[in-house]
Ligand code: PBG
């Protein structure tokens, strides 16, 4: 036997030398929740993650920048909601106000990004506005997204995360931004966002009002080719980055998109992926730190150049003292 793959696994030094993929703080993005009014609130189904008050948010931002994470993705939890999600376009609305704070505090150290979707702001919990039969109205929603994009750009967001899964959203928002001179604001197309049960804890995190599901706009879990199609459409519409979401259960889609994309490909390790590991680790059933590192490494290995993960800050801190 001349071929012995084990040769390259014989010592830590050799394994380190031949490792293809490794983690770096700059490619980790921390999703953060900011709630309107009152004190920070823990999120039961996401131990270790909180809805921040504006005060605790400032502190966490400074910590994230200090740890060297590449960016933060902001979500707002408003006190009031209505049918069209007015809080999303109000310059004083919680997400826009939080964006201004983040840009002022850490805008030079990391990329401040905002979720561009109406679901946190609507009283029915859908990602768009509804028509008179209660269906999500694609084109009416695009008009709201354009207004929301302008509000976020005015607040200083550097990259808008288009997570609503409306057809044509990237092109529509790009045109709206360019029309007002915001040609440098980047767009992250949540190209392949699947209708997933792994978003369960997130719905607690934003006090979601949703009844029913998002299957008329998010992708069906059985479809692989459609993920690629959505990514190609987003790139053609001008997306600067495309996303696959969730991550761990969709590594095939991620690898497909990474194989053809001309723009950076990111993935979102979502709330349910986080909650599963935390729950099992709390029982003593998994080696928490090892599983966290392995799960994010797998997402990188499958083709994501950056990963949105609730462990971003913790991982960035660990990476100061160890290689992962
Ligand atoms: C929609 C949005 C969702 C997530 C991010 N953006 C929820 C949904 O589509 O229901 C989920 C993120 C997570 O589960 O961590 N604005």
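Keep in mind that glycine also has a Cβ here, set from the backbone N, Cα and C atoms.
A quick note: this is a predicted structure, and the numbers were derived from the prediction, not measured.
The annotation active site, schiff-base intermediate with substrate is assigned in TrEMBL to 193 (among others). Under a cutoff of 8 A between CB atoms, and with a sequence separation of 6+ in the same chain, the neighbours of residue 193 (active site, schiff-base intermediate with substrate) are 163, 165, 218, 219, 243, 245.
Under the heading 5-aminolevulinate 1 binding site, TrEMBL lists 203, 214. Cβ neighbour count for residue 214 (5-aminolevulinate 1 binding site): 21 (other Cβ atoms within 10 Å of its Cβ, all protein chains included).
Feature annotation from TrEMBL assigns Mg(2+) binding site to 230. Counting only residues at least six positions away in the same chain, the Cβ atoms of 191, 192, 219 sit under 8 Å from the Cβ of residue 230 (Mg(2+) binding site). DSSP gives residue 230 (Mg(2+) binding site) a helix state.
Among the features that TrEMBL reports, active site, schiff-base intermediate with substrate is placed at 245 (among others). According to DSSP, residue 245 (active site, schiff-base intermediate with substrate) is assigned to a strand segment.
TrEMBL lists 271, 310 with the feature 5-aminolevulinate 2 binding site. Under DSSP, residue 310 (5-aminolevulinate 2 binding site) is assigned to coil, being neither helix nor strand in the three-state scheme. Proximity of residue 310 (5-aminolevulinate 2 binding site) to non-local residues of its own chain (separation of 6 or more, Cβ distance below 8 Å) is seen for 30, 31, 46, 48, 49, 269, 271, 274, given in sequence order.
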For the recorded positions 193, 230, 245, 271, 310, which residues place their CB under 6 A from an atom of ligand 1?
271
Using a Cβ-Cβ cut-off under 8 angstroms and a sequence gap of six or more, which residues of the chain neighbour residue 203 (5-aminolevulinate 1 binding site)?
210
Is it possible to get the count of other C-beta atoms within 10 angstroms of the C-beta of residue 245 (active site, schiff-base intermediate with substrate)?
25
